[in-house]
Amino acid sequence: MPKHCFLGLLIMLLTTATETQPAHVSLKPQKVQFQSRNFHNILHWQPGNSLTSNGSVYFVQYKTYGQGQWKDKNDCWGTTALFCDLTKETLDPYEPYYGRVMMAWAGSYSEWTRTPRFTPWWETKLDPPVVTITRVNASLRVRLRPPELPHRNQTGKNTSMENYYNLVYRVSIINNSLEKEQKAYEGTQRAVEIQGLTPHCSYCVVAEMYQPMFDRRSPRSKERCVQIP
């Protein structure tokens with residue numbers, strides 16, 4: 001057989017093998033993983049390799065590490081979305097969990113795709129603190145509040161991020177007239193007073209949270225600005 005004919009036959013065979021890939025393989029959801037922010041734990045995924053997203057539905061299950069039986073997530077059983085909120089099912093931040101997703105399309109069902117082991121305490125990302133400022137003469141009183149969590153205590157109030165992590169707050173102040181930024185505070189207190197500001201100048205305050213254990217920091221907060229009379 002001529003070389004070019006053999007090459008053409010090989011390509012045809014490979015193409016046919018790909019096109020006739022079993023549905024349970026070609027429909028299998030991809031990139032199934034948890035994305036967690038402030039302990040709000042959302043399972044995300046992408047459609048299978050066959051790219052049959054139109055008309056496809058998904059089924060979601062979850063379990064705690066060490067448990068034998070998977071549990072259905074009713075709100076995401078037959079969903080057309082590419083995500084599922086599993087916050088209520090993964091409330092213990094120290095517990096490791098798994099999630100998995102199956103896809104159905106045109107009467108065919110994929111295999112399950114499982115996440116890596118997910119522990120919220122290790123993997124959640126923190127939003128910046130909420131910053132409020134009050135001017136008192138030539139000083140600024142800065143109050144910092146960590147982001148709210150989905151967990152509630154026995155009185156029904158949201159628990160603080162400080163219940164789970166040692167947090168360090170970093171506050172910077174920007175002199176808009178000089179376009180100069182400098183650190184004003186770094187520590188664990190959530191109430192800070194910045195003194196000695198120059199009259200007739202505009203200042204902005206920005207803050208972030210730092211987790212020493214993970215050497216990890218949050219994004220910076222929105223700037224809060226004020227004019228010193």
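Each residue, glycine too, has its Cβ placed from N, Cα and C.
Keep in mind that what you see is a predicted model, and the values were worked out from it rather than measured.
Swiss-Prot lists a disulfide bond between CYS204 and one candidate from CYS201, CYS225; that candidate is CYS225. Record note: of ASN54, ASN175, Swiss-Prot gives the feature N-linked glycosylation site to ASN54, with no matching annotation on the rest. Of all Cβ atoms in the shown protein chains, 23 besides its own fall within 10 Å of the Cβ of CYS84 (disulfide bond).
Closest in space to CYS84 (disulfide bond), of the recorded positions given as ASN54, CYS204, CYS225, is ASN54, taking the CA atom of each residue.
Figure note: comparing Cβ neighbours within 10 Å for the disulfide-bonded residues CYS76, CYS204, CYS225, the maximum is reached by CYS76. Confidence over the domain 'Fibronectin type-III 2' (128-229), given as mean pLDDT on the 0 to 100 scale, stands at 93.
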